[in-house]
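Student: What follows is a structure written as structure tokens; I'll ask about it next.
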Amino acid sequence: MRCATIITLGCSKNVVDSEHLAAALSALGWDVRMDAEPRVGDTLLINTCGFIGDAKEESVNQILAAGEWRRQKRIGQLLVFGCLSQRYPVELAQEIPEVDGWFGARELAPLLEYLGCSAGSNGLIARQLSTPAHYAYLKVAEGCDRGCAFCAIPQIRGRFHSIPTGILRQEALQLAEGGVKELILIAQELTNYGYDLGQPNALLELVQALAKIEPLRWIRLHYAYPHNFPMQLVEWMANEPKACHYLDIPLQHISDAVLKAMRRAHNAAEARRLVEMLRTRIPDIALRTTLLVGFPGETDRDIYALEQFMRDSEFDHLGIFTYSEEEGTYAALHAEDTIPQEEKEARREHLMELQQSISARRKSRFLGQRLEVMVDAAAGLGEYIGRTRYDSPEVDGEVLVKSATVLTNGQIVPVEIDKTSEYDLEGTATL
């Protein structure tokens, strides 16, 4: 039997790609392990990230470590795919000759062919999950057309193209039949789904179809672009019992000057209106956003505007990146990166300290409430780790659940919350 180990770096879109690859190999008799130490003689496949400097460094370090295993003959073959090798195929091949094959982010089919396999008509629908069996990501589209000044994704992933609804429904049904209870929809720009197919209502029709899949209990939306946000989606979230009252909307900034320099399509007024509308229509909604600080030209006044916006909007979850110049992007070609890295980090730390207090205040509203919690894992005798509808796996907070009854992964239980902190909750199951 041929054996393989797949190591995945980067975002949830990469996770889905690796899971498709693992399923295709497993269907042809391979013994495939995910994100584990490779066995002696394994074919090792590394799915890389090339988005920002830190991610590229992590990917290169992993490849170098694997190259050493290859030299020592601990592994039988070393193959690298994903965003980093899509972006720097020639340079990487010259610098790391231990790698047997390089494949880009859009080359899963050629990679399978290299391994002597064929994806077949269903090969890239089946998934071998690397997540716990009760939740999974559903990637509904690939690529991006936005061309934000700081972002290299269009160069790496190509033009935006939606995956046909029929394929997604089939994939979701297979996942649900395999035990998945929570489906997390992802894309580079989720709310653009269907527009390239001439179907502007496709996202609404997709989530409506997914909600009819009986085993699914929660449907969560990530990476919604703020400009021209589809209002009908908000009504669906407000009225559909399976829709998590949760939305991830990467806003990047609130200064009009910075947003314009970033080549974002929305402005500050549009962002504020969207947040206000969501809070009004779905009062208990949990909002997540991502900000980017240190972009060329950003001033102390711009940071102050961000600070005030964070206070006004009170995001439940917020992440902040510092700007890094990425070759080939509009900003790298047209804007000089003059803000010192130390200043970028100081701005980030200042805003994250503010977010800690905001998050603590948002979490405190749950004290004494009874919330539905999905169990993710056992944590010890009579204790479990889970999440509410207001928390996405990997990136948001958790709930420590005490229970006199044995609970199972994927089980949804009522929990009375008796302790809150900046990011997490504690409570007792009330079965």
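The backbone N, Cα and C atoms fix where each Cβ goes, glycine too.
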Student: Out of C11, C117, which does TrEMBL tie to the same [4Fe-4S] cluster 1 site as C49, C83?
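Tutor: My reading of TrEMBL gives C11 as the candidate in that site.
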Student: Give the sequence-ordered set of same-chain residues, not counting C11, C49, C83, with Cβ within 8 Å of the centre of the Cβ atoms defining the [4Fe-4S] cluster 1 site.
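Tutor: Output for this site, in sequence order: L9, G10, K13, N14, T48, G50, F51, A55, G82, L84, A105.
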Student: Quick check on the binding-site residues C11, C83: which one has the highest count of other Cβ atoms within 10 Å of its Cβ?
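Tutor: When each Cβ's neighbours within 10 Å are tallied, C83 leads.
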Student: Could you give the Cα-Cα distance between C151 ([4Fe-4S] cluster 2 binding site) and C11 ([4Fe-4S] cluster 1 binding site), in whole Å?
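Tutor: The separation of the Cα atoms works out to 15 Å.
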Student: Write down the Cα-Cα distance for C148 ([4Fe-4S] cluster 2 binding site) and C83 ([4Fe-4S] cluster 1 binding site), rounded and given in Å.
Tutor: 18
Student: If I restrict to non-local contacts, at least six residues apart, and a C-beta distance under 8 angstroms, what lies near C148 ([4Fe-4S] cluster 2 binding site) in its own chain?
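Tutor: The list for C148 ([4Fe-4S] cluster 2 binding site) reads Q252, M262, R263, R264, Y330, given in order along the sequence.
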Student: May I have the DSSP-based helix, strand and coil counts for the residues of the domain 'TRAM' (364-431)?
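Tutor: Per-class counts: 1 helix, 35 strand, 32 coil.
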